[in-house]
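**Student:** One structure coming up, written as structure tokens, with questions to follow.
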């Protein structure tokens, strides 16, 4: 399903300036901040006289001309060149919005104190030609309504139930494995353990977005505990996932769709691209035989790759944590947590009574957790992709909202099944407002769907089974394109020049 990009009905109409205090989120609570409190508004005459005036095009060209990283937030330009490598969310997501209007991305990933006290220090210019259409003002108003209704607030009782559910799953997995009394119960324990990991991942997702306590320090400690149970680096997850959110389904920038030689979600990938995440440029493709075979049949191999997907998470985690050239927050804490994970998992798996049973235990537990990988890829693999030359957003306005609609789908399921999907069924809403706790996303969906209907925007929502069918159809479409590509038979003897070798050795 490649969704058409549809222009909003009110795109061309300018909105009146918003008056009164600005509602922002701080630690999950809604706070009203008067713009007059911002440092550059306390003495307007002096502030305006000391900042140069620039246009959006000036900001866009800044990186190419000087190598500096400027972004636009509201009507101001900020120079984040020096700050990017200290950014808690990683520098790659900032590179993804370099030269662009990042107002929505900034607002929805940061608490109020960053906007009020930290951001002004990087203000270097005022942008003279930023115009807010009624369409942009309309989707920004959704956020104000969420804040007015307190939908950023976490309900502690909800996460108490989640913790009890996870504890019961882990206890069942351990009990069946250790005291099951036979190979059958132990392997059932492996399946329950895999299901525990699948459910635990949703909690890690909430922690990574600071949508539980909304306090970065507390959620970092929760993240370390999560790593000890899940075995995958939270630092790696944030590095990859934050980038994915900001540049969702960008061929050049989104690591979540850069999977060659295993999977290709768009024929545009075959035209060659420079991956900012993997720090590599890939020439237009002449596939080596290995990559050609895999991609040509990827629609048949998709569930196989999902079944074994967890092993790749281990590799990516160690690759980042052991790369001491890369800045990693809490590196040694995470290395200790990963070590703790392997200690308890190996001890548990050692309850098996033969090498064959041990192998089956590992394969079953990790394979069952592969349900998670299906759920993750379902949201984006069959949706629109874009390149720097063919964006899904227009140059004349900030199209964060339409970008998320074009590249993301929701899964339509009854409320009683929300526990199974863990919030991933509301990916559109989550991508728009990532700090909203998952138990409030159903309410967010009502507002988003109403706005889409008003503006005539396509909102893609299908059942879980239909979503799977659309992903397979999309992979098949790209597989047919891959079969038409020329093959370089000589690369069998020079693997180091092949795409298989390039991607397996890519940074990140």
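Keep in mind that glycine also has a Cβ here, set from the backbone N, Cα and C atoms.
In case it's useful when we look at the structure, here is the feature table from TrEMBL:
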type     : residues : note
REGION   : 1-55     : region 'Disordered'
COMPBIAS : 19-37    : compositional bias 'Basic and acidic residues'
DOMAIN   : 51-128   : domain 'Cytochrome b5 heme-binding'
TRANSMEM : 158-181  : transmembrane segment
TRANSMEM : 217-237  : transmembrane segment
TRANSMEM : 290-311  : transmembrane segment
TRANSMEM : 332-352  : transmembrane segment
TRANSMEM : 358-378  : transmembrane segment
**Student:** Report the listed stretch (217-237, 290-311, 332-352) having the maximum count of Cβ pairs within less than 8 Å of the transmembrane segment (358-378).
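**Tutor:** Out of the listed stretches, 290-311 contacts the transmembrane segment (358-378) most.
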**Student:** Would you kindly check 217-237, 290-311, 332-352 and say which stretch has the most C-beta pairs under 8 angstroms to the transmembrane segment (158-181)?
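**Tutor:** Comparing 217-237, 290-311, 332-352 against the transmembrane segment (158-181), the winner is 332-352.
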**Student:** Six or more residues out from either end of the transmembrane segment (290-311), which same-chain residues have a Cβ under 8 Å from its Cβ atoms?
**Tutor:** 197, 260-264, 366-367, 369-374, 377, 471-473, 475-476, 478-479, 482-483, 485, 487, 498-500
**Student:** Could you give the number of helix, strand and coil residues in the domain 'Cytochrome b5 heme-binding' (51-128) as assigned by DSSP?
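**Tutor:** Helix, strand and coil residues of the domain 'Cytochrome b5 heme-binding' (51-128) number 38 helix, 16 strand, 24 coil.
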